[in-house]
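Database features, via TrEMBL:
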DOMAIN    19-53  domain 'LRRNT'
DOMAIN    296-344  domain 'LRRCT'
REGION    328-365  region 'Disordered'
COMPBIAS  331-343  compositional bias 'Basic and acidic residues'
COMPBIAS  347-358  compositional bias 'Pro residues'
DOMAIN    366-400  domain 'LRRNT'
DOMAIN    647-693  domain 'LRRCT'
REGION    694-733  region 'Disordered'
COMPBIAS  714-733  compositional bias 'Basic residues'
Amino acid sequence: WALLLLAVALALEGTATARCPTPCVCDNLRAHVLCLNGNLTAIPSTIPQLTKKLDLQGNSFTVIPVGAFLTTPYLTHLDLQRCKVERLEEGAFRGLGRLVYLNLASNSIALLYQESLDGLSSLQQLILEGNRIEEIQPGAFGHLGSLTVLNLRANALVYLPDMVFQGLQVLRWLRLSHNALHVLGSEAFTALPALRRLSLDHNELQALPSEALARLDGATRLDLGHNPITYVAEEALAMASLKHLSLDHAALQDVAPNAFARSPQLRTLDLRENQLQGLPPLAGAGGLARVSLAGNPLLCSCLLRPFHDWLARARVQVEGACAAPPALRGRPLDSLRPPEMRCGHPRLPPSPATPPEQPRAAGSGQCPQGCACSPDFRHGSCENKDLRKIPWGFPRDTRLLDLRRNAFGTVPPGAFPGLKELVSLHLQSCSIGALRPGALRGLESLVYLYLTDNHLSTLAATAFEGAPRLAYLDLDRNAFTCLPTGAFQLLPNLISLHLQHNAIRELAEGDLAGAGGLRWLYLAGNAIRRIAPTALAPAKMLEKLHLEGNHLAEVPTASLRGLPALSELKLSRNPIKRVGDSAFLPVASSLQHLYLDNMGLEQISPGAFTGLGPKIRSLYLESNKMSHIPDMSNFTGLDILNLRDVPFHCDCQLLPLRRWIDKLNLRIGATCGSPAEARGLKVKLSTTFQTCPGWGRGKAGGTSPNKTKAASKPSKKKRSGKSPARGFKKSRA
């Protein structure tokens with residue numbers, strides 16, 4: 001038998017050797033074929049059929065055609081690095097059902113079609129690093145059910161749409177570093193149940209993409225360094241399994257005390273090389289073991305004492321040194337004693353501004369003096385150059401232009417000549433007080449416009465003339481006292497409008513005229529007291545309406561009429577004391593996520609939730625003052641119900657809620673505020689209900705130890721719904 005097997009092997013070897021392509025090297029014993037750095041313009045058709053590893057690096061294929069590898073069905077490893085590939089035809093890899101490793105790095109692929117990767121059912125590693133991918137069509141990864149590593153590093157991605165990674169059920173590491181991402185769909189990372197590491201460093205994210213990240217229950221490592229994130233807000237990160245977070249080399253100036261309260265497993269926090277002069281005690285991060293603050297301008301005055309004391313109490317290791325006052329400069333934080341951290345030291349002065357650069361004359365392939373242009377990724381940047389005028393002369397194929405942190409004051413007409421391919425324009429923190437009519441003229445491809453942190457108080461009706469494709473407009477933190485009426489008439493494709501943290505007092509009729517395609521409207525942190533009944537009517541496709549932190553005294557029920565697609569409504573932190581009957585009836589058929597928390601709410605009428613039912617997925621009522629809530633037994637689709645910090649009066653009137661809670665597969669945080677004997681107890685554990693008529697007959701769980709133990713077991717039944725970014729996730733109470 002040994003002689004027979006040897007003869008067969010020799011015969012196969014001879015056959016394989018005879019068929020080895022001329023410019024290639026074939027190792028038949030190991031079934032390897034190498035065709036490196038040659039002049040091949042097509043995949044060789046004479047590669048031995050039994051080949052398992054095929055290395056084609058450094059050739060010039062341009063296009064991988066349909067069925068290019070049908071003659072090599074036993075391939076397990078395929079390397080196509082640096083092959084000048086521009087396009088993968090649909091079905092290019094059909095027949096490679098055994099392939100586990102595919103390397104397409106350092107090519108010129110710009111688009112992934114739906115069927116580009118069809119046939120790779122066993123693929124475990126896909127490397128697409130260093131291409132020019134600008135768009136991924138939904139379904140592109142739908143056939144890669146075995147993929148564990150997806151590398152999309154160093155491409156030209158600007159936006160991730162919802163469900164873009166659908167089908168990657170066992171993916172463990174997703175690498176999206178070194179792109180130009182600054183908008184992530186809230187469902188972009190849905191359907192990635194096995195993901196453990198997400199790399200989003202070296203992108204253009206302005207803030208933590210909280211909603212998108214909240215879908216990643218199992219992720220343990222998150223890389224967000226080298227993004228222009230300036231602030232981490234309260235409960236901004238809700239990742240139940242996260243252990244390691246990197247936010248180094250960002251633009252952080254402040255972090256909220258409870259920023260990481262909803263990431264209870266967090267162990268290491270990397271905040272190196274930011275602009276932090278201090279931190280508050282991170283009381284919400286109970287499991288934190290190490291914080292890195294090296295390279296921050298830390299002011300070691302009395303203002304830092306609470307954080308310093310917290311480090312000692314929580315036994316958290318810290319890396320970092322004082323930048324001021326002069327007497328403590330260079331001292332490690334962990335070497336300081338509280339008496340040394342004295343009051344009265346001024347805050348650090350801003351770093352010296354870079355001398356202004358004079359703009360150069362326009363040219364097709366040059367770059368303005370003092371700016372940086374990347375021809376490979378078609379990006380231009382003049383960030384923080386103290387420029388007084390918008391420079392000209394960027395390459396005409398520029399797609400992303402970063403002009404943040406300058407001092408333009410005004411954007412004049414025709415400010416961006418020749419940039420017809422520009423997709424994303426960053427003008428944050430530029431002291432802009434006027435956007436002149438025609439300022440964006442010629443920007444026919446512009447999709448993203450960022451004007452955050454400026455001094456705009458009004459916009460002319462023709463301010464956006466010449467940018468008809470504009471879809472994402474960010475006007476947060478300006479000086480608007482009302483919506484710029486008429487300014488949206490020329491924006492038929494506007495999807496997302498940010499006007500948060502302005503001084504808007506009301507929404508009047510006609511304010512949104514022309515915004516017929518608007519889907520997301522963000523108005524948090526204004527001073528809105530009134531919304532006219534027809535103010536929102538033009539935005540018939542509106543899905544998200546964020547009104548938290550305003551001055552509304554009642555639910556704007558009349559204004560919600562005519563919004564058949566509204567699925568998320570945030571009214572948190574408004575001084576609404578009472579919710580009346582049928583308050584949400586106009587949007588009852590579509591509403592899924594309702595935020596009524598932190599309002600000082602004292603009463604919810606019995607008919608307040610009329611029309612709402614199984615479609616509601618999340619309801620936030622925490623931190624209010626009511627003692628009872630109406631019957632919600634028809635809310636059968638809930639994934640999240642938050643009733644923390646509500647002083648429920650645990651009497652017989654609350655018995656229906658008590659019984660309903662027993663049936664829920666949720667942790668809701670409901671506690672008794674009265675009577676005295678029940679104060680502080682969980683509603684479901686209070687014995688005050690046992691004296692109520694009918695307690696024994698309708699009891700749905702009681703307080704017996706056996707039932708309590710059974711109820712504590714986690715449910716094995718999975719729901720298909722997606723949880724939004726806040727509150728308690730589904731588990732037994």
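Just so you know, glycine gets a Cβ as well, placed from its N, Cα and C.
Shown for the domain 'LRRCT' (296-344): DSSP residue counts in helix, strand and coil, namely 22 helix, 10 strand, 17 coil. Across the domain 'LRRNT' (366-400), DSSP helix (H, G, I), strand (E, B) and coil residues number 0 helix, 8 strand, 27 coil. Here the domain 'LRRNT' (366-400) returns a mean pLDDT of 87 for the predicted model. With DSSP states grouped into helix (H, G, I), strand (E, B) and coil, the domain 'LRRNT' (19-53) comes out at 0 helix, 7 strand, 28 coil. For the domain 'LRRCT' (647-693), the DSSP-based tally of helix, strand and coil residues reads 22 helix, 8 strand, 17 coil.
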